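Undergrad: What follows is a structure written as structure tokens; I'll ask about it next.
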Amino acid sequence: MPAENSSSVTEFILAGLTDQPGLQIPLFILFLGFYVVTAVGNLGLITLIGLNSHLHIPMYLFLFNLSLIDFSFSTAIIPKMLMSFVSRKNIISFTGCMTQLFFFCFFVFSESFVLSAMAYDRYMAICNPLLYLVIMSPQVCLLLLLGVYGMGVFGAVAHTGNIMFLTFCADNLVNHYMCDILPLLELSCNGSYINVLVIFIVVTIGIGVPIVAIFMSYGFILSSILHISSAEGSSHIIAVSLFFGSGAFMYLKPPSILPLDQGKVSSLFYTIVVPMFNPLIYSLRNKDVKLALKRTFSRINFS
């Protein structure tokens with residue numbers, strides 16, 4: 001449905017992270033640095049996995065996709081966020097806002113489910129090592145990734161469809177640095193309990209199902225070996241805790257508990273901090289990645 005038919009608002013103004021002039025340039029430099037680190041870390045990990053054949057196993061296939069999602073996630077959010085630090089009015093069209101919301105939801109859901117796929121992979125590797133490569137065949141990995149991105153599409157369509165057909169009557173100032181679900185719902189003049197219920201149900205699916213799968217996987221691991229001895233396992237738990245903890249804190253609570261001004265600060269964790277730290281979490285404690293990095297530098301020096 002065209003924007004004119006559903007709303008008198010044809011564009012939004014993104015308020016940004018802060019309205020204090022003295023903080024604009026320092027924050028611009030800070031978040032530009034975050035984006036550079038995120039891009040270098042994730043693209044570097046993608047390149048490393050692609051160039052080293054000994055990393056072409058299921059675990060690194062999922063890590064490859066996690067890095068691809070994290071890089072794309074940051075690219076959908078941070079460049080537009082940087083505009084709010086250097087322009088008086090950071091304007092985004094209605095179509096552009098809905099597009100950003102769609103990709104934001106797509107990457108959030110995709111990351112949730114790729115983390116659960118990685119937990120299942122670790123369960124198979126630790127609890128069924130002799131059958132690991134048989135069970136985690138290329139066909140199974142492909143089906144898992146189709147499920148990951150399929151749930152990404154489901155989350156994006158559900159949330160964007162829920163928001164884009166609301167009516168935005170007059171106020172077009174979005175109290176956020178991006179087009180997020182709750183700030184847009186707050187601006188609408190016909191948002192109802194049904195819209196809030198849809199958000200809660202879809203977010204519960206996006207967070208609840210992966211968390212249950214992850215806890216079950218690590219529960220089976222713990223029951224088999226009593227403790228997780230692999231660096232990959234502990235690294236994965238750190239990544240899961242950061243991502244799901246910040247996401248649940250933002251969305252799975254009554255709006256009155258956390259005002260949007262504080263909510264947009266808490267959302268920095270899963271939109272910017274997590275994508276930046278994931279490649280560091282998975283590479284610094286991973287012997288295979290360190291070996292691949294040494295081999296790659298050796299090839300470059302030799303050539």
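Glycine is no exception: its Cβ is also placed from the backbone N, Cα and C atoms.
What TrEMBL says about a protein is an automatic prediction, not a curated fact.
Below, the features straight out of TrEMBL:
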{"type": "TRANSMEM", "residues": "25-48", "note": "transmembrane segment"}
{"type": "DOMAIN", "residues": "41-303", "note": "domain 'G-protein coupled receptors family 1 profile'"}
{"type": "TRANSMEM", "residues": "60-79", "note": "transmembrane segment"}
{"type": "TRANSMEM", "residues": "91-109", "note": "transmembrane segment"}
{"type": "TRANSMEM", "residues": "130-158", "note": "transmembrane segment"}
{"type": "TRANSMEM", "residues": "193-221", "note": "transmembrane segment"}
{"type": "TRANSMEM", "residues": "233-252", "note": "transmembrane segment"}
{"type": "TRANSMEM", "residues": "267-285", "note": "transmembrane segment"}
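Could you tell me the structural context for the features on the list?
TA: Cβ atoms under 8 Å from those of the transmembrane segment (25-48) belong to residues 17-18, 55, 63-64, 67-68, 70-71, 74-75, 78-79, 81-82, 85-86, 272-273, 275-276, 278-280, 282-283, 289, 292-293, 296 of the same chain, restricted to positions at least 6 beyond its ends.
Below 8 angstroms of C-beta separation, residues 31, 34-35, 38-39, 41-43, 45-46, 49-50, 100, 103-104, 107-108, 110-111, 114-115, 117-118, 121, 141, 144-145, 148, 177-178, 271-272, 274-276, 278-279, 282, 288 of the same chain, each at least six residues beyond the ends of the transmembrane segment (60-79), sit close to that stretch.
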Undergrad: Looking only at the domain 'G-protein coupled receptors family 1 profile' (41-303), what is the mean pLDDT?
TA: 83
